Structures are given as structure tokens and as C-alpha cells.
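What follows is a set of notes on a single structure, which appears directly below.
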Amino acid sequence: AQQIQFADDMQEFTKFPTKTGRRSLSRSISQSSTDSYSSAASYTDSSDDEVSPREKQQTNSKGSSNFCVKNIKQAEFGRREIEIAEQDMSALISLRKRAQGEKPLAGAKIVGCTHITAQTAVLIETLCALGAQCRWSACNIYSTQNEVAAALAEAGVAVFAWKGESEDDFWWCIDRCVNIDGWQANMILDDGGDLTHWVYKKYPNVFKKIRGIVEESVTGVHRQVWEDDLEIPDGVAVLCSDPPLSPSRLYQLSKAGKLCVPAMNVNDSVTKQKFDNLYCCRESILDGLKRTTDVMFGGKQVVVCGYGEVGKGCCAALKALGAIVYVTEIDPICALQACMDGFRVVKLSEVIRQVDVVITCTGNKNVVTREHLDRMKNSCIVCNMGHSNTEIDVTSLRTPELTWERVRSQVDHVIWPDGKRVVLLAEGRLLNLSCSTVPTFVLSITATTQALALIELYNAPEGRYKQDVYLLPKKMDEYVASLHLPSFDAHLTELTDDQAKYLGLNKNGPFKPNYY
């Protein structure tokens, strides 16, 4: 794809050096994936219709039934949502216009598992415009905008997703995307690693023929593989939060010599970390909490677990509204950053009795345990901003002595025998994705990065990428950022020849080293 080549000296995607890999692995525990494509609670609640989409016979206007969505009749409404999102994703549309003539993804058969929202729909339709065939499922059971899924199905994309899927539905949808006669996926775009894991374990012959994997969440890149327990049962009725079926983690597979395809770690690119994880969460944390609880933050005591990019964004937003913010951390560097930003770094057990809100952003599991929940004060709000629903031990709350009361969509009051209640949001799943929206513009940055990573991996000459995990080169990060500058009427300063020589840089970049 000539028009999107970056420079004559375009580097290979740089592999994580071992040292950096280890550092990144430890860092990932304190910073959550944002589940980048986030959505409003869909306008159509999943309880509207008790008939499962799996049992409906639906066809689009062209007579195709190669999809499974809540209601194909919502397609027109979903199309308007997609068109609105396109207005604020100008860089991705610009990439689409620039490259659609040469079709750099012609022949690509991409199977995807992300949040299905108006913003991801713009990405999916961009990939189709560049020549790809796409089959798509959702990486979260609450994140799908039903009307958008209907619009994609009407446009001919094989999409299998609806808001409020069961755990069984979740895996069934993934399986329907992969297991189809006469269609062999050759690229994977994943968010959280569930799709990669499913293909790796259940369809090893398909996995071996994949030309590249693009993974965009820290969960999918880093979380551990439980190799001893990875057998997938014959049926698909399995819990997506169950450790034995946790997503295959690319670095673990690579280290074990079992990653037989090159993979792109988009999560650790600057355009994902600094924009999606930080700025997106800084705005969407308040949105999600306000919509669900009407809470006032001034003077409230809040504890944020984890001070990675997501935690930093959440803390900054809460502090700005006058909340008293505590931070928990395992990493001394992140902890020191929190201290210097003016936050008290504490152990959760030290403040659990007094705080009004608990927010997890770690990417880890069992951060908030039943013991913590038992000690919380009445009406404490508990929510998660990480990718998986493992951060809060929700399972421990499903016991006979506790009463669950659904007070509104995605809001449960869990009531103790003495009358104390804890307000649990989205059943411990991602708050901003389940309960609110995230800014479209920031998703354009991530989506453009994903599209370029897919183009690069798909078109790379044989041998450029080995069976390993690669980072995005800074040249590509900088290119994505530059595509978004016109939205702000921003004008870059150019180095003089003398200045470039003094800094030892090419005038056109990259301006930062790959490890930045």
C-alpha cells in the first residue's frame, strides 16, 4: 500500500526486548485495558424481548441470514448512529479514502472480537472498504449496541452479537464466526484475547494458517495462560471469567514457543496508552457513575485500585470534582507518581470502612474480595474500569444470605442481613462500556492504529515478522497522531536541518525511541 508507507527507512515493528517485556508484564498488572470501544447502554434493553436471537429467523433486505443480532429492523437507526460517529472519526475516514482505491486488505479474511458500537462499526466498514471480508462477535456481553449490530448485518457483515448475551451465547457467537464451511480466517483482531484463545485451542489448524493477530487490550497481551486446564469442553456453556478458560496471552504463548503466527501488541503503543486508556477514562468514569447513581462527587471519599493509565485518568477526573481520592498500588513507580500527583497511597483494607466509592483499574483478579465487601459502609458504590469482570469477586456475593435488588439497568443493590447495601454497577464488568459512552474521537485514534497494524501484518513480506509479539513502531504511532491534528487546527513545527543533525533525528521522524 504505497500511499500509506511511512518512510524509506520504515523499521520493523520492534520486538519487546526481554528486559522491557518483563517490565511491561509487571506494569500491566497495575493498569487496566480500557475495553477501548465503549458504548452507551443500548437504547433497546435486552429484557425487551425474551426470545433469544439464536432462536429467531431473520434476514436482511438482500435475503442473507448470515448473522445473529437482536433485531434486524433496527438497522436504519443503527446506520444513523454510525454516520454520526463518522463525523468525529475523520482520520479513519481519511485513511479509508486514501487507501480504498488500492485495496490493501484484498483477500484478507478478518475474524474480530471487540465491542460492537457505532465507533467499531466505522472501523469494520473501513476494513471492508479496503478489501477485507469480516466476521465479528462481541468481546463483552453488555457492550453491544443492538441497532449498530443490525446496521452491520444489513450492510452484509457477518455479525453475531447482542446486548445481554449469556455466557453460553458469548462463546457460541465466537464459534459461529470461526467455524464456517468455505471460509477460512487469515487475520485476527481481538480485544481481551478470548477469540485468539478459542481459535488456538479449538481450531488449531485454523490458528496455524493465521497470518497475523492484532490484540488491543492489556488483558489479551499479558494475562497468564493456565496451560494445565486449557481443555475446552464439547459444549460452549463455559464462563468467560473462569480462569481455566482465560484468554491465551500472547507473550506467554510466545515464551512457550507456541505462538505460530506474528502478533501485534497495539495496547502498548503510545496512541493507545496515552489517549484511549488515559484521556478516554478521564471523561468516561464520571459519565458512567453519574448515569447510574446520580452521585455527587464533591467531598466524597473514593479509592481507585491501580494507578496505571486508566487509574491516572479516573483519579484526575474525580479530584477535579472535589473528591478525596485514595490510590492502591503494587508498583512502587506508579505509587510514587500517585503521591506526587497529590493522592494518598494506601492498602484497601485501611480505608475500606470509610470510602463512598471503590473503583478497580488493575487488570488483575480478586482485587475487591468478599471480606472487603463485608466491611464496606452502607451505600458504598463498587465498580470496575478494567477489561474483565474478575477484579471484584462478584461470585462471592451470590449466596443465600444476600439479597440482590435490580434498581435500574446495570445497577444492583446487594443487601446484607442487617440491611446494609452495596451498590454494584454492571455486575463488576466494565463501567464505561456497560453504563455510558466514551468519546468517539479518542476511539478514532485506536481504530486507525488497529487498521494500520492489520494492513502492515497482512502485507508484510514473508520473513519480516517471525512468530513473536511486536510493538508498533513509533513512525506508525506518529503517523496516526498526525492524522488527528487537523481536527484541532494544530500546526507542527518543523526541525531545521541543523536542529535535526544536532538531535540525531530524521526531520520527518520518528521523534521518539521505540521503547517510549
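Placement of Cβ uses the backbone N, Cα and C atoms for every residue, glycine included.
A TrEMBL annotation is a machine prediction, not a hand-curated record.
Residues or ranges marked as region 'Disordered' in TrEMBL: 1-65.
The annotation compositional bias 'Low complexity' is assigned in TrEMBL to 26-45.
The substrate binding site annotation in TrEMBL covers T117, D191, E216, K272, D276.
Positions annotated as domain 'S-adenosyl-L-homocysteine hydrolase NAD binding' by TrEMBL: 277-438.
Cβ neighbour count for G313 (NAD(+) binding site) (all protein chains, 10 Å cutoff from its Cβ): 24. Taken from TrEMBL, the feature NAD(+) binding site applies to G308, E309, V310, G311, K312, G313, E329, N432.
E216 (substrate binding site) is surrounded by 31 other CB atoms, counting those within 10 A of its CB over all protein chains shown. The number of other Cβ atoms within 10 Å of the Cβ belonging to K312 (NAD(+) binding site), over all protein chains shown, comes to 24. There are 34 other CB atoms within 10 A of the CB of V310 (NAD(+) binding site), with all protein chains counted.
Site extent for NAD(+): the farthest pair of Cα atoms among G308, E309, V310, G311, K312, G313, E329, N432 sits 22 Å apart.
Counting every protein chain shown, the Cβ of T117 (substrate binding site) has 29 other Cβ atoms within 10 Å. Checked against G308 (NAD(+) binding site) by C-alpha proximity, the binding-site residues T117, D191, E216 yield E216 as the nearest. Taking the binding-site residues D191, E309, E329 in turn, the residue surrounded by the fewest other Cβ atoms inside 10 Å of its Cβ turns out to be E329.
Looking only at other Cβ atoms within 10 Å, the busiest spot among the binding-site residues G308, G311 turns out to be G311.
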